[in-house]
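Visitor: Taken from TrEMBL, the feature domain 'VanZ-like' covers 23-141. Residues or ranges marked as transmembrane segment in TrEMBL: 12-32, 52-73, 93-115, 127-144, 165-185, 213-235, 247-266, 272-292, 301-320, 353-371, 383-406.
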Amino acid sequence: MGRLIQSSCKIHRNLLFGLGAGYAVLLIYASLMPFDFSFGNGWSGQYKFFWSYWPFNLGARISGSDVLSNLILYTPLGWMITVRLRLSNFNAVLSLAASGILCSLISFFVEMLQIATVSRVASASDWLLNTISGTAGSFLGLVAGKKMWISGIDWLKSRWQKKPVVIATLIFAGLTAADALSPFMPTILLKQVGRNFKRSIFSLDLGFAAHPWHWWMLKVGLVYGCLTLLFSSCLENKFRFLRLAQAVFVVGLFCLSLEVGKLFIVSRFFNAANVVSGWLGCIGGLGIGLLFGKLKNIEKLNWGIALILLYIFYLAWFPFDFNWRMELIPVRLPSVLKLLPLYDYAMGASLNHARLFVQNIFLPAMLVYLLKIRFGWFKQGGYGMWMAAFFCAVLGILQEGGQLFLASRHPSFTDIYCFAAGGCLGAVPGLCPGNIEMRG
């Protein structure tokens with residue numbers, strides 16, 4: 001029994017170390033992109049400029065989005081370092097101090113390297129805010145991190161074995177919420193909230209006029225319809241209609257709450273058409289659940305695969321303003337510099353780019369896992385993982401290749417890399433017993 005507990009603790013420590021190290025590497029990589037180092041810029045002058053930002057220069061201005069981004073950026077890292085140390089039985093004070101200092105040193109190291117770059121601006125303000133962010137994450141990790149981590153991982157293992165649809169529902173709901181609340185610039189200023197309310201659209205005619213019909217059907221209705229079906233599968237009620245009715249009610253409230261939440265996001269506002277199309281999607285999900293609830297599991301998998309593919313390509317090719325002039329292709333091809341992994345998201349450096357990064361990993365991951373259940377693909381250990389990465393990279397090339405002919409879109413190699421990573425992620429987990437039964 002003691003060996004089993006020790007083995008479990010070691011797994012927790014190794015997993016958390018891998019996540020923390022990976023997150024730190026991504027932070028450093030994204031912060032130094034595009035690596036245009038030049039050591040002839042004069043370090044002394046750059047270092048003086050380093051201290052010219054708020055709050056070290058009270059006359060300087062700083063945007064709220066910059067403050068928010070920097071206050072969030074190092075919080076997960078501080079949390080993971082503290083929890084990792086606590087899992088190794090370090091005392092609370094040492095864990096807190098070591099985590100805060102390490103986050104501060106990483107941020108300072110990044111800012112010093114940014115002094116030697118051409119396109120990046122080093123700032124003591126960023127260093128201070130990142131230090132505060134890492135320390136805040138350390139406090140959170142100290143308060144409930146160890147217990148939360150262990151219970152969370154155990155819960156995920158339990159759900160994965162008994163009802164993996166719960167995890168899929170949470171991921172899908174999270175992506176939906178992130179899409180609705182981007183660009184993640186919250187405000188509690190009554191003046192700003194009032195301004196957003198005045199800009200709100202309560203007329204359905206004006207609201208639906210904002211986008212074409214297929215946008216409302218696929219981007220909103222389809223999403224909430226699928227979420228309704230997924231959530232109903234998580235419920236234990238043996239009566240299908242009651243499960244679906246409960247799901248319609250909960251997902252409908254979720255849709256309404258996200259739309260109301262936009263009033264507290266800078267540059268966003270309430271649109272009644274989003275709520276109505278979301279509710280219609282929920283009702284559509286109820287109807288589909290009743291009509292096609294007796295479909296064979298294989299047929300359900302076929303529909304799931306088809307809908308994810310449809311959604312992926314719709315997101316990539318909207319608004320379908322194709323221009324087939326071949327002479328424009330060389331102009332629209334990404335430059336050599338943009339071939340760097342994650343270039344577009346790292347240079348964008350916003351929370352919305354982080355959302356797109358996560359979305360473009362998890363959508364192909366879900367697709368690969370469904371294909372693994374349905375056809376038995378991508379299961380040959382490491383070989384299967386590389387095949388899944390290649391398959392999703394080809395999907396990414398197809399969707400980005402289509403963007404070469406779109407007047408309002410530009411192809412991005414970053415999305416192709418994210419798709420390949422998503423393929424790897426979807427191929428890694430083994431099939432749980434419930435998934436194996438679905439193939440029968």
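In case you wondered, yes, glycine gets a Cβ from its N, Cα and C as well.
Looking at the shown structure, what environment does each listed feature sit in?
Guide: For the transmembrane segment (12-32), the residues of the chain that approach it from at least six positions outside its boundaries are 73-74, 76-77, 80-81, 83-84, 87-88, 106, 109-110, 113-114, 117, 120, 149-150, 153, 342, 345-346, 349, judged by C-beta separation under 8 angstroms.
Sequence-distant neighbours of the transmembrane segment (165-185) (same chain, 6+ residues past either end, Cβ-Cβ under 8 Å): 64-65, 68, 156, 159, 223-224, 226-227, 230-231, 233-234, 254, 258-259, 261-262, 265-268, 274, 350-352, 355, 358-359, 362-363, 366.
Only residues 6 or more beyond the boundaries of the transmembrane segment (272-292), in the same chain, are considered here, and those with a CB under 8 A from a CB of the stretch are 180, 201-204, 207-208, 210, 216-217, 220-229, 232, 240-241, 243-245, 247-248, 251-252, 255-256, 259, 300.
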Visitor: Among 93-115, 127-144, 301-320, 383-406, point out the range having the most Cβ pairs under 8 angstroms from the transmembrane segment (353-371).
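Guide: Answer, by Cβ pair count: 301-320.
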Visitor: Taking residues 6+ outside the transmembrane segment (213-235), which of them lie with a CB under 8 Å of any CB in it?
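Guide: The answer is 163, 165-166, 168-169, 172-173, 176, 243-244, 246-248, 250-251, 254-255, 273-274, 277-282, 284-286, 288-289, 307, 310-311, 314-315, 318.
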